[in-house]
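To keep things clear, I will list the structure first and then write my remarks on it.
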């Protein structure tokens, strides 16, 4: 029974993916993923990225956000990206494969950043979905807390933060925590985000340091 349910769910995801105009457009234009369009919509509204900036991209693979950010920050800027999964090289992006929850990986990541101060921390991290919200939501909230902790370690005063968050238990408290750390906080749901998804993006500017 559960196997049939899983198969039906997988088939629905595949159909949705191949019918998805954003996924199709990403393939046509050579973008790493449909996530490219999400950060593009956020950038159009909030202007987080500028030439010459230093940016940290957490949960970077397959590279949609890093690919987008690298075009904006240009040769005078720098993108430091990290993910558990491998990622094909992108010009202007320094990629570290590993779990930054591990001390050795975190140290290596911080070594690549320092002595620079980071202008923007981006996180598109998401846990492996088990299909059980009582398990998935705490895992997702743990990851966004880690991203916020990264801001505390590396973000320059008045820096910016954008993070994917799944609405559910812990969401309101998390937004409150972000508001305590940043001057302006907005919740974005890009058109390119699937309507049925609980994902939204918390966009925070003016880090209080």
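Yeah, the Cβs are placed from backbone N, Cα and C, and that goes for glycine too.
Cross-referencing 40, 124, 136 with the S-adenosyl-L-methionine binding residues that Swiss-Prot gives (63, 65, 83, 99) picks out 124. Looking at 83, 99, the binding-site residues in this record, the fewest other C-beta atoms within 10 angstroms of the C-beta turn up around 99.
According to its DSSP assignment, residue 65 (S-adenosyl-L-methionine binding site) is helical. Annotation note: residue 124 (S-adenosyl-L-methionine binding site) sits in a coil segment as assigned by DSSP. Cα of residue 164 (active site, proton acceptor) to Cα of residue 124 (S-adenosyl-L-methionine binding site): a span of 5 Å. The local packing around residue 63 (S-adenosyl-L-methionine binding site), expressed as other Cβ atoms within 10 Å of its Cβ over all shown chains, amounts to 24.
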